[in-house]
Amino acid sequence: MSEEERPAALADTILRFLCHDDIDTVKELCADWFPIEYPDSWYRDITSNKKFFSLAATYNGQIVGMIVAEIKGRTKVHKEDGDILASSFSGDTQVAYILSLGVVKEFRKQGIGSLLLESLKSHISSTAQDHCKALYLHVLTTNSNAIRFYENRHFHQHHYLPYYYSIRGVLQDAYTYVLYLNGGHPPWTVMDYLQHLGSALAGFSPCTLPQRIYRQAHTLLRSLLPWSSISAKSGIEYSRTM
């Protein structure tokens with residue numbers, strides 16, 4: 001889509017990283033967007049600590065959206081999401097966790113959330129290269145708008161987490177959503193193994209395997225015995241009876 005076709009807000013949006021001076025604004029936005037209360041240390045970290053990817057979308061100098069994420073080794077993933085990647089991936093394989101993604105109400109449905117998410121994915125590709133295999137997040141089961149947003153961008157529900165959040169003293173359920181990148185995948189299920197086995201067996205004709213075994217045994221026997229006139233006729237008959 002060209003600049004002329006974009007909504008005015010998106011065309012005039014400028015991206016920049018959060019800084020310490022943004023703390024008060026970010027606090028106000030998070031209080032409006034999310035029902036969860038974050039400690040002051042969290043705001044200091046996401047605006048100052050370089051381990052976080054904290055990107056703001058600004059319009060006329062005002063923050064109208066932001067995304068906060070952390071790229072980390074798979075061994076640092078919390079226990080409830082420890083099976084996001086199959087165990088075949090090494091311990092230094094990376095994943096990216098979205099801590100926060102929000103847009104001011106008046107600027108929603110104009111592509112700003114997608115712009116922020118795509119910027120994170122581009123950052124992952126340029127810094128972690130192909131070592132980052134998954135991008136994941138948590139979302140309230142009741143947040144249908146957020147769920148729709150992520151599902152429309154190819155995220156898939158990975159876990160149901162009962163009583164995951166405590167909101168104003170009330171325990172509420174969450175989902176884990178995952179987008180796999182660079183060949184990443186979850187552990188195989190029993191159905192995956194059965195499908196793989198079925199695909200492998202589909203490549204064999206009913207007699208292929210017995211014929212292979214016979215030919216190998218026949219070759220070995222000829223190399224061991226003093227005579228080499230063993231007929232292959234029985235092998236042909238064997239294949240016909242299968």
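Glycine too: its Cβ is placed from the backbone N, Cα and C atoms.
Quick look at what Swiss-Prot annotates:
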type     : residues                                                                                                       : note
TOPO_DOM : 1-192                                                                                                          : topological domain 'Cytoplasmic'
DOMAIN   : 13-182                                                                                                         : domain 'N-acetyltransferase'
BINDING  : Tyr38, Leu99, Tyr165                                                                                           : substrate binding site
ACT_SITE : Tyr97                                                                                                          : active site
BINDING  : Leu101, Gly102, Val103, Lys109, Gln110, Gly111, Ile112, Gly113, Ser114, Asn143, Tyr150, Glu151, Asn152, Arg153 : acetyl-CoA binding site
ACT_SITE : His138                                                                                                         : active site
REGION   : 162-173                                                                                                        : region 'Required for homodimerization'
INTRAMEM : 193-236                                                                                                        : intramembrane segment
TOPO_DOM : 237-242                                                                                                        : topological domain 'Cytoplasmic'
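The structure, with features from Swiss-Prot marked on it.
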residue : record                  : contacts (Cβ under 8 Å, 6+ apart)
Tyr38   : substrate binding site  : Cys30
Tyr97   : active site             : Ala69, Glu70, Lys72, Val77, Leu135, Tyr136, Leu137
Leu99   : substrate binding site  : Ile46, Phe52, Val68, Ala69, Glu70, Leu137
Leu101  : acetyl-CoA binding site : Met66, Ile67, Val68, Gly113, Leu116, Leu117, Leu137
Val103  : acetyl-CoA binding site : Ala57, Val64, Gly65, Ile112, Gly113, Leu116
His138  : active site             : Leu161, Tyr164, Ala174, Tyr175, Thr176, Tyr177
Tyr150  : acetyl-CoA binding site : Leu137, Val139, Tyr177, Leu179
Asn152  : acetyl-CoA binding site : none
Tyr165  : substrate binding site  : Ile36, Leu140, Leu171, Gln172, Asp173, Ala174
>> DSSP secondary structure for Asn152 (acetyl-CoA binding site), reduced to helix/strand/coil, please.
In response: coil
> Tell me, what is the mean pLDDT of the region 'Required for homodimerization' (162-173)?
Replying inline: 95
>> For Tyr38 (substrate binding site), which of the three DSSP-derived states applies: helix, strand, or coil?
In response: coil
>> Please identify, from the binding-site residues Gln110, Ser114, the residue with the sparsest Cβ neighbourhood, meaning fewest other Cβ atoms within 10 angstroms.
In response: Ser114
> Can you give the largest Cα to Cα distance in Å, as a whole number, for the residues Tyr38, Leu99, Tyr165 that bind substrate in the record?
Replying inline: 14
> With DSSP helix as H/G/I and strand as E/B, how many residues of the region 'Required for homodimerization' (162-173) fall in helix, strand and coil?
Replying inline: 0 helix, 10 strand, 2 coil
> Near the substrate site, what residues other than Tyr38, Leu99, Tyr165 in the same chain have a C-beta no further than 8 Å from the centroid of the listed C-beta atoms?
Replying inline: Phe34, Ile36, Trp42, Ser100
> What kind of secondary structure is Leu99 (substrate binding site) part of, going by DSSP in three states?
Replying inline: strand
> Can you give the largest Cα to Cα distance in Å, as a whole number, for the residues Leu101, Gly102, Val103, Lys109, Gln110, Gly111, Ile112, Gly113, Ser114, Asn143, Tyr150, Glu151, Asn152, Arg153 that bind acetyl-CoA in the record?
Replying inline: 19
